[in-house]
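Enquirer: Just passing along the structure, written as structure tokens.
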Amino acid sequence: MPPLRETVRVHGLSASKALGQNFLFDEQLLDRIAAIPGDLDGATVFEVGPGPGGLTRALLRTGARVIAVERDERCLPLLADLAEAFPGQLTVIADDAMAVDVDALTGGDPYHIVANLPYNVGTALFTRWLEPAAWPPRWLSLTLMFQLEVAERIVAPVGTSAYGRLAVLAQWRARARIAMKVHRSAFTPPPKVMSAIVQLTPADQPPGVDPRILSRLTEKGFGQRRKMLRQSLKGIDGAVAAAEALGIDPTRRAETVSVAEWVALARALGR
């Protein structure tokens, strides 16, 4: 196939600011990203927002079976050409990733999620993938591109300025790491900020915890992060009393409460 940059030029395609698009053309960089999940030969990979298909090409070169969801109709002809070049490996679905059921699309098989997430929906998709009631999930790993600031919030330790709701939701039942930083100059057009690849793999879930309760607790707690817990959590019935019973001082602020403490509080409220 011709180089991706040439294919994009021939089709007269440009990145859409409205869709949060920034294209990657560096094949070596894309191959490095596709290698982060490990051996994908024969594996199923779900990709969000492939755009013109740069990362898709790299994933297909690993031997993976890729299911790609793209809402930008301008990109569909390029992806159709890619499907012809890799027969039987690529399925393209024209839809909004927020509207699809990944487990249903993958036929119940385990899968990896690899995506250069559009900046405008990345966090919403990420938290959705972290909140299924059943655990471990069907996904085996998440390899996701975020703005560096968001990536740092996902892996942040307790007590740091970056630590917040994203860190708790990511770390309470998954292992999270920054696998790679990507300079803004690697993109076309260059975004205003640096990016990073975050990789997550499922860990054992602490027993007796309802993810919906944990989600609500952290939403309240970190929604007013400068307030003491006795103020930020007072809208949740029994939360302050449960915190005191667990030895969590209600005069503390949310950013000082560890992942394990948030989990213990969610468990107590779920009884």
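From the backbone N, Cα and C atoms, a Cβ is placed for every residue, glycine too.
Features from Swiss-Prot:
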BINDING   ASN22, LEU24, GLY49, GLU70, ASP96, ASN116  S-adenosyl-L-methionine binding site
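Could you place these features in context, so I can see how deep they sit and what lies close by?
Expert: Long-range C-beta contacts of GLY49 (S-adenosyl-L-methionine binding site), restricted to its own chain and to partners at least six residues apart, with a cutoff below 8 Å, comprise LEU19, GLN21, VAL69, GLU70, ARG71, ASP72, ALA97, ALA115, ASN116, LEU117, PRO118. The DSSP secondary structure for GLY49 (S-adenosyl-L-methionine binding site) is coil.
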Enquirer: Is it possible to get the count of other C-beta atoms within 10 angstroms of the C-beta of ASN22 (S-adenosyl-L-methionine binding site)?
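Expert: 20, counting other Cβ atoms within 10 Å of ASN22 (S-adenosyl-L-methionine binding site).
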Enquirer: Looking only at LEU24, GLU70, ASP96, which of these binding-site residues has the biggest number of Cβ atoms within 10 Å around its Cβ?
Expert: GLU70
Enquirer: Could you check what DSSP calls LEU24 (S-adenosyl-L-methionine binding site) once collapsed to helix, strand or coil?
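Expert: DSSP assigns LEU24 (S-adenosyl-L-methionine binding site) to strand.
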Enquirer: What does DSSP assign ASP96 (S-adenosyl-L-methionine binding site), in three states?
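Expert: Note: ASP96 (S-adenosyl-L-methionine binding site) is coil by DSSP, not helix or strand.
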Enquirer: Tell me, how many other CB atoms lie within 10 A of the CB of ASN116 (S-adenosyl-L-methionine binding site), whichever protein chain they belong to?
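Expert: Result for ASN116 (S-adenosyl-L-methionine binding site): 28 neighbouring Cβ atoms inside 10 Å.
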Enquirer: What whole-number value in Å do you get for the largest C-alpha pair distance within ASN22, LEU24, GLY49, GLU70, ASP96, ASN116, the residues recorded as binding S-adenosyl-L-methionine?
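Expert: Spelled out: the longest distance between any two Cα atoms in ASN22, LEU24, GLY49, GLU70, ASP96, ASN116 is 21 Å.
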